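S.K.: Annotations for this protein, taken from Swiss-Prot, read as follows:
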- 83: active site, proton donor (ACT_SITE)
- 114: active site (ACT_SITE)
- 55-218: domain 'SIS' (DOMAIN)
């Protein structure tokens, strides 16, 4: 795909004179363009759903979810991966974010990093990629060599692969087994794909990781029942989660949480089934950690 023909590099007529308008009008132009992003994501929901099902199947079989990107795309993958352990109680290595240029590139531009095909392959080798894993390549342009090479290597190993880009028919889309391509159009600032394209990528990543966690039993109703209480706010949230799930008082919720070492799932089953902590945990273990199955089948 020729650089000048890429949609993400096109000129946006709506912002052609954005440097001449008032600050408020500037904000309106940006906001109006941002409004189009969820609609672009909506058009690819079937592709996102298919990717979630594949990711869940692989993770259920012992695999990992690996995000691979450069620049903004890489940072978004790292952001999504880093939020999974505290929100859903998963091990830090289950969802991994890799960025061209390594850790330094999270805050700084690393010259030439995204153009390194070798870097994409080596980063995957360094985390001992296996055929059980799913690699999600993220690149707004769809032409980033670091990402393309990583996807090619992953497919050679037998991994399932997903490509997220904002240009139709891109190399990332055609290299990956599953393509997710929200077409957001030209950016307000020409070529600044951290804007609409980045927003679209963030929305897609939200769905991928959240969908995985819901299907893995980490959500009951709409409650994050595996949240890890690492601060006072989350201690309070745990109490509210148990209250909302069971209808018990705050005092009952806190007592149950203390009895089970602050595991929301166990506390919820304790209250709803009138069990002690050991028996509640045993039943959850018997049903793979799914509260719904414990309640529905017993």
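The backbone N, Cα and C atoms fix where each Cβ goes, and this holds for glycine too.
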S.K.: Using C-alpha atoms only, work out the spacing between the residue listed as 'active site, proton donor' and residue 114 (active site) and round it to an integer in Å.
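M.R.: Between the alpha carbons of the residue listed as 'active site, proton donor' and residue 114 (active site) there are 24 Å.
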S.K.: Say we define neighbours as other CB atoms within 10 Å of the CB. Which of the active-site residues 83, 114 has the fewest?
M.R.: 83
S.K.: In DSSP terms, helix, strand or coil for residue 114 (active site)?
M.R.: helix
S.K.: Over the domain 'SIS' (55-218), what is the model's average pLDDT?
M.R.: 96
